[in-house]
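Working notes, beginning with the structure itself.
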Amino acid sequence: MAGRPRPGGERGQAGGRRGAGLRWWPRDCCSGLGGLDYSEVDVTAMARLFSYVDMTDSGFIAAVLSIAFNPFFWNVVARWEHKTRALSRGFGSPHTACYCLGAVILLLNCVRSHCFTEAMKSQPKLEGLDSHWAYYSGLAIMAVGTLFVISSFLALGFTGTFLGDYFGILMEAKVTCFPFSILDNPMYWGSTAVYLGWSLMHASPAGLLLTAVVAISYTIAVLYEGPFTEEIYRQKQKGAKSN
């Protein structure tokens, strides 16, 4: 949900969506991940980060569960709707059903953000990040992420953002304007950037780890959403050609 599909199988984050990164370098850069020399990776920073986080803390666990649950929920419900049209029948129309699901997704995102913030508050700060430069860097990253989220929503509209294609509300043309012109899944990655910036502003190692969980959950969501959405628009094209 946090990002939504673009016609022709491309999306923008459910709750919206698209997964990929910036397209400013060749795809074969560094020969892919296989070209990296992992023996040169310094793991001391990561080890230090983990040492600051109590992953058994109930607040941290609640945040992880809320992060993982959201994309799971909207993907399961959206696919169920696409298969049965039960929500559309129950609410009287696809648009009403989509608006209601969108409202639920927004509520779940608020719960996720609350759990994320509470988890940060309950854990210690990282001294090296508790500085002005980290705070303002986080603020800048958060601003960029917010820009991506808002501009994605404006480009896709409500139904385009909140799984309208699963309700049969398909877009007529591929969205190519900003931010889709520079980034795939800008709503997903914009949301991730917001959490990253928020974590830096709070000098929170717990927040940084939770941000990684957000990124992983969106990456998995994209792997499931992308092919399914492509098939939806493929069927639409077949239907148009047969008419």
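Glycine is no exception: its Cβ is also placed from the backbone N, Cα and C atoms.
Look at TrEMBL and you will find Ala143, Val144, Gly145, Glu225, Gly226 tagged as S-adenosyl-L-methionine binding site. The intramembrane segment annotation in TrEMBL covers 58-78. What TrEMBL records for 1-57, 79-90, 160-202 is topological domain 'Lumenal'. Feature annotation from TrEMBL assigns topological domain 'Cytoplasmic' to 112-138, 224-243. Taken from TrEMBL, the feature transmembrane segment covers 59-77, 97-114, 134-156, 163-183, 203-224.
Averaged over the topological domain 'Lumenal' (160-202), the predicted model reaches a pLDDT of 93. Cβ-based neighbour count (10 Å, all protein chains) for Gly226 (S-adenosyl-L-methionine binding site) stands at 20. By number of Cβ pairs under 8 Å, the transmembrane segment (59-77) is matched best by 203-224 from the list 97-114, 134-156, 203-224. DSSP labels the residues of the topological domain 'Lumenal' (79-90) in these numbers: 11 helix, 0 strand, 1 coil.
For the binding-site residues shown (Ala143, Val144), fewest C-beta neighbours within 10 angstroms: Ala143. Same-chain neighbours of the topological domain 'Lumenal' (79-90): 97, 100-101, 166-168, 228, 232, counting only residues six or more beyond its ends whose CB sits under 8 Å from a CB of the stretch. In the topological domain 'Lumenal' (160-202), the DSSP tally of helix, strand and coil residues is 22 helix, 1 strand, 20 coil.
Of all Cβ atoms in the shown protein chains, 22 besides its own fall within 10 Å of the Cβ of Gly145 (S-adenosyl-L-methionine binding site). Note on Glu225 (S-adenosyl-L-methionine binding site): other Cβ atoms within 10 Å of its Cβ, all shown chains, come to 33.
Secondary structure of the topological domain 'Cytoplasmic' (112-138) per DSSP, as helix, strand and coil residue counts: 20 helix, 0 strand, 7 coil.
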